[in-house]
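Asks: One structure, as structure tokens, below. Some questions next.
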């Protein structure tokens, strides 16, 4: 899907700052430095719109990106970063929970997991939490270019087994920002959830 004019509209920390209107929203969640910003930039074909950082825990707000007045991408603060204080983690946690559990415009969540490693306890908690709230989930296994293509099936199997994957509510796609594979399939899922036309 071609996006011509993506814009960061607001970096929100509470419900009163969320954008008005009824555009569908797709949220991106995952551990710090799992590649959320790289995925967003790849999907919209804009380097640098979503800020990529070598410093984990950099995103500390809900960043709402308006894509041509068609939908919003919402970049959610990364979890699992030890150097963020406990108080900050609790603050982020309540902010994220408020958004993910109560936002009517939210049509699906893309949960990013590093393809090179087994899902962490934080990954499992996030998946179970999204399942509890009955949010449609797309698991994107990032950095798949670092995995031999012959091991893709094994990676998928490990992720599904570890998460106790529910195939009726969830989908799984392997993705590489470097080699650009998986982006078309991710867009197809987004368009289906947000009921978008080309």
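Along the chain as shown, residues are numbered 1 onward.
Backbone N, Cα and C define each Cβ position, glycine as well.
For 22-196, the entry in Swiss-Prot reads domain 'EngB-type G', with the evidence type sequence analysis. Look at Swiss-Prot and you will find 30-37, 57-61, 75-78, 142-145, 175-177 tagged as GTP binding site, backed by sequence analysis. Annotation source Swiss-Prot lists Mg(2+) binding site at 37, 59.
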Asks: Pop the Cα-Cα gap between residue 37 (Mg(2+) binding site) and residue 175 (GTP binding site) into the table, whole Å please.
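Replies: Rounded to the nearest whole number, the Cα-Cα distance is 13 Å.
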Asks: Output, ordered by sequence, the same-chain residues six or more apart from residue 61 (GTP binding site) with a CB under 8 Å from its CB, or 'none'.
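Replies: Result: 11, 12, 13, 77.
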Asks: According to DSSP, does residue 36 (GTP binding site) sit in a helix, a strand, or coil?
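Replies: Looking at the DSSP assignment, residue 36 (GTP binding site) belongs to a helix.
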Asks: Would you mind checking how many other C-beta atoms are within 10 angstroms of the C-beta on residue 37 (Mg(2+) binding site)?
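Replies: If we count other Cβ atoms within 10 Å of residue 37 (Mg(2+) binding site), we arrive at 22.
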Asks: Which number gives the other C-beta atoms within 10 angstroms of the C-beta of residue 30 (GTP binding site), all protein chains shown included?
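Replies: Taking every protein chain into account, the count is 24.
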Asks: Between the binding-site residues 36, 143, where is the Cβ count within 10 Å the lowest?
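Replies: Minimum Cβ neighbour count within 10 Å, taken over the binding-site residues 36, 143, occurs at 143.
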Asks: Which state, by DSSP, holds residue 30 (GTP binding site): helix, strand or coil?
Replies: strand
